[in-house]
């Protein structure tokens, strides 16, 4: 189509420095949301845009924001430096991600446009120093932005020109309603605003009335998830809870799931139970949760994206169950403490090249399923979603399928063709491993990991800043070992491999390494001449007695 050809990045009137940054990122063409939103934003219109997760919403507001700021500095009257752009996001991780994207797009104009993120867990004094320099764009959560506004370390009433609310449908459910209303009192009467959301609900409608002025609504006609040619979605019915653990063990140990995978569970306790269970079989994983320091969570995501880990267990108590309005959640499902209410996993976080999403626990809402599934099959890459379902959860599964199917009444979640009787030989192993993962073991594992991550996060912060290469050596998937680990469980004998898979799969076996104590002993022995010296003397042969 001619119209679509006329709306490439090079035809949007963008600054050459932005075009160069877009080229460096490897974006040959804008996504649908970018193609529609950027020209309208450059015309000065308020936008209410809905697009599915992974569709490029961040760049859809970041590019016009940078273009408008650069154009103003190049053609407008000379005015003092001030904060002119504000980006509000529901979680610290999303704030860091938004800042990173804006900085990448501003690579060639970094002197003209500066970006600051004030949501990180730093002391307010250091953040105040950053804000005193008056960056052009400030990114943060509503609570942290409001705190700086109340302390007068951030002033927006006379300077703000652009306001962005990203993942708008989550802000109220994360408990930011009061902060948002208070924050708006510190803004000028006139400004351009963008509201970006994956879904349109009552919360988004309320935000629209609070923030937008005669907006253009972009409700793109696209499915909430990629089509079956890109994203394959399966369900597998497990008769018991034990069957779920058994099936997961077989999928991972026999390498039936290839590439990087995300395992979603509904509670923090379940995530550690699953990690300790897999640890019994020498399957390394790491848990991403809100109890860990922000630096540790971001480091885990970064290393996962770089290929350090093949499997991450994720939990996001903030988006499970009914939204809590007007207050922060103190506890998630089954009493899990949400120690960091601004930590989020299932929505918006950019995991790179995820081959498979495994819903070990059925998502509590159809929307949660969409957000989880959106972690794979991004940027035209293929992906698989496999959902484990108990017989008692069939009704809830039907609700998810109803939302996914829409007008197309065909089945979306196809049955996963797997014969459980083929892996019955592994059941006794799984049962043995499940028994050893007690509540006490889970408590000890959580405490141990939090202590270690706090140490890594705080004590080594300055060291890693001076020695960035050593940061790559810091692992988050090392065994916790509060449960009794039986070494033989890490090995899969050939007779246990299902007949249909023999010769096709090779259960990955970890190369045996000498323990540090063995290596030290061997080195000490080789360096000690008294212990390493060997003398081969002539053997004594008795002479024959004369007769």
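Using the three backbone atoms N, Cα and C, a Cβ is placed for every residue, glycine included.
Listed as Cβ neighbours of the motif 'Q motif' (7-35) (distance under 8 Å, sequence separation of 6 or more from its ends, same chain) are residues 42, 49, 51, 55-57, 59-60, 63, 66-67, 70-71, 104-109, 218, 220, 222. Among the features that Swiss-Prot reports, motif 'Q motif' is placed at 7-35.
Summarising the annotation, Swiss-Prot assigns domain 'Helicase ATP-binding' to 38-218.
With a 10 A radius on its CB, residue 58 (ATP binding site) counts 24 other CB atoms from all the protein chains. Per Swiss-Prot, the feature ATP binding site maps to 51, 52, 53, 54, 55, 56, 57, 58; the stated evidence is sequence analysis.
Residues or ranges marked as phosphoserine in Swiss-Prot: 126 (among others). Note: residue 126 (phosphoserine) has no non-local neighbours, i.e. no same-chain residues 6+ apart with C-beta under 8 A of its own C-beta.
Under the DSSP three-state reduction, residue 141 (phosphothreonine) is assigned to coil, being neither helix nor strand. Among the features that Swiss-Prot reports, phosphothreonine is placed at 141.
Look at Swiss-Prot and you will find 166-169 tagged as motif 'DEAD box'. Across the motif 'DEAD box' (166-169), mean pLDDT in this model comes to 86.
The domain 'Helicase C-terminal' annotation in Swiss-Prot covers 230-424.
For 506-525 (among others), the entry in Swiss-Prot reads compositional bias 'Basic residues'.
Taken from Swiss-Prot, the feature compositional bias 'Basic residues' applies to 532-547 (among others).
Annotated phosphoserine per Swiss-Prot: 532 (among others), in sequence order.
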Between residue 141 (phosphothreonine) and residue 58 (ATP binding site): CA-CA distance (Å): 15
DSSP helix/strand/coil residue counts for the motif 'Q motif' (7-35): 16 helix, 0 strand, 13 coil
Integer Å distance between the CA atoms belonging to residue 141 (phosphothreonine) and residue 56 (ATP binding site): 20
Distance [Cα-Cα, Å, rounded] between residue 55 (ATP binding site) and residue 141 (phosphothreonine): 22
DSSP-derived structure type at residue 58 (ATP binding site), helix or strand or else coil: helix
